[in-house]
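*Asks:* Please see the structure below; I have some questions.
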Amino acid sequence: MGSKEREIKSPEVQLGGNSTPKRGSKKLRIYFLESDDRRTAFGRGYSGVGGATPVNIHGKPIPDINKTGGWIAALFIFGNEMAERMAYFGLSVNMVAFMFYVMHRPFSSSANAVNNFLGISQASSVLGGFVADAYLGRYWTIAIFTTIYLAGLTGITLLATIKVFVPNQDQCDQIALLLGNCEPAKSWQMMYLYTVLYVTGFGAAGIRPCVSSFGADQFDERSRNYRSHLDRFFNFFYLSVTVGAIVAFTAVVYIQMKHGWGAAFGSLAITMGLSNMLFFAGTPIYRHRLPGGSPLTRVAQVLVAAFRKRNVSFQSSELVGLYELPGKRSAIKGSNKIPHTDDFRCLDKASLQLKDDDGANPWRLCTVTQVEEVKILLKLLPIPACTIMLSVVLTEYLTLSVQQAYTLNTHMGHLKLPVTCMPVFPGLSIFVLLSLYYSVFVPISRRITGNPHGASQLQRVGIGLAVSILSVAWAGVFERYRRTYAIQHGYEASFLTQMPDLSAYWLLIQYCLIGIAEVFCIVGLLEFLYEEAPDAMRSIGSAYAAVAGGLGCFAATILNSIVKSITRGKGETRESWLSQNINTGRFDYFYWLLTVMSLINFAAFLYAAHCYQYRSKDGTDRQSEKGPGSDHTSTNAPDPIRTPQLSVFGRE
């Protein structure tokens, strides 16, 4: 049976940076080939659902969308994220001590092992995003990987509970630990530990890029209040992350001190199990998005098609136009059409239709939407890349600030706080800031920026990076004062002795500043990536933030090694900046190095944000001046070429 085809012409498109035609340039029309036999990028059709329409768990259209999604569905997702973050931070704050005190590993190797675990679990988040966007969808990806996460936590609990999994603890006191005289862990015991630890990390990697995107999917893009709901969702989402971190740094530490390692890790496993039950309980009211097929395949198709036509000129007489499907449907399931842009013109060759192209081979001819997906992924990269430096600072704080706290008085009246509880203060500052965000920050910033949301997404990222510079600069100033005080009062060699007259609560300034920086930067980044990523690649877009965090962990480890190598004298005649004895090292110099690096990174971010052009959706421009109630869906076809207007951060 032959298929019916007809050619549809669109308005003329000028290929180039200007909308004004130049002499000798060729005007191209976008030719839509309407065919019953047109193959999609992954070889299958829509099953009756087009675009980014929400569906139920069975992939069918939702009869009454008002009975699903919304804030009720988001609450179930908040609970799952809170438990996951509690487990993640609970492991990060306790595992180094567990490996040192129980497994009898050197402190430096224990810290490196945990840093590698944190880095790998974040950097591999792109795997979870790929699986969700390509095959399973976000719901089933979360369901599978959260079960894997629970299995890993259960294995860690068994390790800390059953004596056969740990070395003999007899005759292993504090002095024996410091001298390295305790019985070392057997190779199979360490193998079991690393196995269950990385199973846990694998589960976290699958969950992290999907939870925020799945929560945001619960809100209707066609709603007039969509932007307002989305803005509040990401703030409350990060609030749930913060609550999980606070519980990990306080309650879990308390359980470990009072009841032992098995009880501490067991509490994490129990909490994760309860959160899984809560997540599954919300299944009937969740809204889902269809997976769009392998994004890597679509990216590869664009690159291959563009390479095959690399020698084709835009002025060739063989050109028909830019290829796209007709109507509102895209060739990519779960995605709306994306208007053509002038960025990365070399990739446009993948959608150039020649006279001998029939549109049946996506490895030779791609749609405009498919090409624009690749362009968007490339354009997004500089923004999360600029947040790697913030992750470096956060990673350094986990170790450097704790070493500072060991030399300071941690008493609060008659209460003595454990040093391992000090990281709770950034979480408390985040909690306070998010609680006051809409009542204090938004009204004040609205008067300054004119933005109804207080600040745009990129402005919030910029504020976070700027505040992080203040935090690390203050850390350098205080460390110089602390080191001078220690030397003048005879504590130079006693780097594990607390100085009773110098309070650890001076560290609260840098802790609170970095907490403020984190909430502005990370929340703004998550919302930015969700809104700007292609419809069928939102999990991968969210994974960009996690990958940046993982790269920051690795970068911190590399930076420490470089600094130690450069600043250590020949033949160990001079202490390095990062000496184990904090009083003879120069942590202040290291903090100021981080300050300079953060300033350079901030300048790079300003340039990237200034050059970034927000993309339009459904024919409507995302202008920061629009209020939360001004979002609407245009029924007119989007203009393929838009003249950018400069704003403070990014071009609208």
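Each residue, glycine too, has its Cβ placed from N, Cα and C.
Annotated region 'Disordered' per TrEMBL: 1-24, 619-652, in sequence order. The feature compositional bias 'Basic and acidic residues' is assigned by TrEMBL to 1-10, 619-629. Taken from TrEMBL, the feature transmembrane segment applies to 86-104, 116-136, 143-166, 191-211, 232-255, 261-281, 376-397, 417-440, 461-478, 504-530, 542-563, 589-609.
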*Asks:* Return yes if the transmembrane segment (589-609) and the transmembrane segment (232-255) have at least 3 CB pairs under 8 Å (sequence gap of 6 or more), otherwise no.
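*Replies:* Counting Cβ pairs under 8 Å, fewer than 3, so no.
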*Asks:* With an 8 Å cut-off on Cβ pairs and a sequence gap of 6 or more, do the transmembrane segment (116-136) and the transmembrane segment (542-563) reach 3 or more such pairs?
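*Replies:* With 3 or more qualifying Cβ pairs, these stretches touch.
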*Asks:* Between 191-211, 232-255, 542-563, who has the most Cβ pairs under 8 Å to the transmembrane segment (504-530)?
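*Replies:* That would be 232-255.
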*Asks:* Taking pairs 6 or more apart in sequence, does the count of Cβ pairs under 8 Å between the transmembrane segment (417-440) and the transmembrane segment (143-166) hit 3 or more?
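*Replies:* No, the transmembrane segment (417-440) does not contact the transmembrane segment (143-166).
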*Asks:* Same-chain Cβ contacts of the transmembrane segment (191-211) under 8 Å, 6 or more residues past its ends?
*Replies:* 77, 80-81, 84, 87-88, 91, 95, 99, 103, 113, 117-118, 120-122, 124-129, 131-132, 138, 141-142, 144-153, 155-156, 159, 165, 185, 237, 539-540, 542-543, 546
*Asks:* Count the CB pairs under 8 A between the transmembrane segment (261-281) and each of 86-104, 232-255, 542-563, then give me the winner.
*Replies:* 86-104
*Asks:* Please indicate, using numbers and ranges, the residues of the same chain that are 6 or more beyond the transmembrane segment (232-255) and have a C-beta under 8 Å from a C-beta there.
*Replies:* 74, 77-79, 81-90, 93-94, 211-212, 215-216, 219, 263-264, 267-268, 418, 420-421, 423-424, 427-428, 430-431, 434-435, 437-438, 519, 522-523, 526-527, 530
